[in-house]
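Working notes for the structure below.
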Amino acid sequence: MEKMSYTFSQQYEEKIRPCIDTIDNLRSLGVEKDLALPAIAVIGDQSSGKSSVLEALSGVPLPRGSGIVTRCPLELKMIRSKEDEKWHGRISYQNHEEDFDDPAEVEKKIREAQDEMAGAGVGISEELISLQITSANVPDLTLIDLPGIARVAVKGQPENIGDQIKRLIRMFITKQETINLVVVPCNVDIATTEALQMAQAEDPEGERTLGILTKPDLVDKGTEGTVVDIVHNEVIHLTKGYMIVRCRGQKEIMDQVTLNEATETESAFFKDHPHFRKLYEEGFATIPKLAEKLTIELVHHIQRSLPRLEDQIQTKLAETQKELEAYGDGPPSDPAERLSFFIDKVTAFTCDTLNLTTGEEVKSASKLLIFPELRQEFAYWNSFLDSSGYSFKLKIEEEVDNYEVKYRGRELPGFINYKTFEGLVREQMKLLEEPALKMLKNVSDMVKKKFIQLAQSSFTGFPILLKIAKTKIEAIKQDKECLAESMLRTQFKMELIVYTQDGTYSQSLLRSKEKREEDEEDTENFDCMTVGIATSNHATLSEMKLHLESYYMIASQRLADQIPMVIRYLLLQEAALELQRSMLQLLQDKDGVDDMLKEDFDIGQKRENLLSRQKRLMKAQNLLATY
C-alpha cells in the first residue's frame, strides 16, 4: 500500500501514539467492563461502504460478502511503525491470542474468530474481537467496527436480527465517550439512512458524530451540488462535520485492484472532478485526509476524557473496596486459620448485636439502626395514652345524665363512692392492655428483622451459618416475646389495684384542680357549678371527674415508662445477651466448623469478580499515573 501522506509534525506524532496506547492498554486490561472508554465506533447501513473505508484505512482486506459480514464488534487497532519494520498482526478474543505476519490472513482470522464467538452461520455476538495491525502504512488510530444495520432477515437469521444489531450498536453509541463515525453512501437520501438516524437519536446536537460519505462515483448527474452542500455541513448539521472518500467498488475488487492502486485512483478522482475538486482542495476528501481527521479527533477526545476517567476509576475503586468489605475475605484453607476466622466471624456478630441494642456503632452494617424505630413505637404509645385519657374524660362527661342509674349506690348526694371510682379506673386500664400487647408484637417483629439483617450482613456467603443464626434469633424472639407478654399482662393486673403514694396523688390532684379553675374562669356557669357542692349531683360528678383525671395522669405516666422498659429490657437487652451466649456456644463445636463455613458458590464467584475488577482498576490507575 502506498504510504499515506501525513501532515503531522514529528512532535505531534510523538504525542499521538502514547495517547492512543493509553486507552488501548486500558481496553486490553478489561477496564471497559467497568467504565466507558474514549473510542470511535463505525456504523452504517448494509452496503454503505463501511468495510471498504476500514480496508482503505488499515490497508488489509476485511471480510466481505452479502448479508451481515461483521458479526462481532471488531476493535481495529492500527499502530504506525517505522519504515524499515515489517508488517505485523495480532488477533485476540476470549482467551485466544495469535500473532501472524501475512496481511492476506486477516480476513480468514476474523472469520474464524467470528465463528468461534457467534457460531458458524449468520448470528451475532456482543463479545469484542481485537485486531492489532502494526505497519508503516497505517495511521495511529483505533476504531471499533460494528455490524451493518440489516432491515430484513435472510435465511438462517432470527426474525429480530435487525433489533439485535441495533441493540448492539446502541451499547456503543449511547456512551458519551464514543465518537460515532457514520458511513453513508452519496447515492442515497442522507436523511433516510438508519445509521444517521440512530446517531442523531443518541447525539441530537451532533457533537459526537462525524459523517463519512462514500461512493461519490455513483452519484446521479445533477445531484453533485447536494453532496457538496452535505460535506459543507449545510444540510444536516454535525458539529464534527463530514468527510468524503472513494474506495474500491465491487468490480475493482473482482478485477483485483490493489489498495495501493485504489488510493491513487481516489486521489485522481477528486482532483479531476469538476464538483468535488473543491472538497479535495479544502481537505474534506480522500482516505489519508480522513485518517488525519480521525486521529486528531480521537486524540483530542482522549485528552478531554482522561481527567474524568481518572475520577471515575477512583470512584469505582472505592465502590469495589466497599463491596469487597461486605463480602469479606472468604474462609482460609488452613484448619487453624479457618478456626480463627470462624471465631472472629461469630465474635464480631455477637459484638455487633450488643452494639445494635445499645445504640452503638455496628461495624458490619453501619446504616443498621434500631432506636429510631423503637423511639417511634414508644412515642406512639405515649401519644395513645394521652388520647385515651382524653377519651376517658369525654366518656365521663357524656354519662352525667346516666350517673344516678349507673354508678350511684345507697350514698346520699354529694358523697363520692370509692368503689365507683375504682370501677371506672379498672375499666379504663383494661382498655389499655391490648394496645400495649400490640406494641410488644410490633417491637418484637422489628427487633427480629434487625437481628436477621445483621446476621445477613455478618454471614454473607455462609448459608449454613446464616441459617443457624436465623433459627436462634427466631427461638429467642418467641421466648422473650412470651416472657414480655406475661410481664405486661401481670403489669395490667396490678394496674387494677388502684394505688399510688399519697404525696404523689395529692400533687396530681392539686394540679388538676388548678387547671380546672383556670379553664372555668371564663365559663358563665362557673358559679352554679361550684356553689352547693354538697347537695349537687353535678358537683359530685365534677369532683369524681377531677379525681379520675388526677389518677389517670399518674397511671398513664407509669405505663408510659414501664411498658417500654419491660419491652426494651427483654426484647433488646436480654435477647441480645441470649443470642450472644447461644452463638458463642458454636465455638465449642470445632468439628462442625468446616460445615458452617461452607461458602455460597455465587458469593465466592462474586468476590473473585470483585478482586479481578479491583486488580484491573488499580493497574488502570497506575497506567494513567504514568501517562
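For all residues, glycine too, the Cβ spot is worked out from N, Cα and C.
Swiss-Prot tags one of the stretches 44-51, 260-267 as region 'G1 motif', and that stretch is 44-51. In Swiss-Prot, the feature region 'G5 motif' is placed on 246-249, out of the ranges 246-249, 374-377, 470-473, 614-617.
Annotated range for region 'G4 motif' in Swiss-Prot, selecting from 202-205, 214-217, 330-333: 214-217. Checked against Swiss-Prot, the range among 145-148, 321-324, 337-340 recorded as region 'G3 motif' is 145-148.
Comparing the binding-site residues GLY44, PRO216 on other C-beta atoms within 10 angstroms of each C-beta gives the minimum for PRO216. Per DSSP, the region 'G1 motif' (44-51) is made up of 2 helix, 2 strand, 4 coil.
Per-residue pLDDT, averaged across the region 'G4 motif' (214-217), gives 92. For LEU146 (GTP binding site), the Cβ neighbour count at a 10 Å cut-off comes to 26, with all displayed protein chains included. Non-local contacts of ILE149 (GTP binding site) by the CB criterion (under 8 A, 6+ apart in sequence, same chain) comprise ILE43, GLY44, ASP45, GLN46, GLY162, ILE165, LYS166, ILE169, GLU194, ALA195, MET198.
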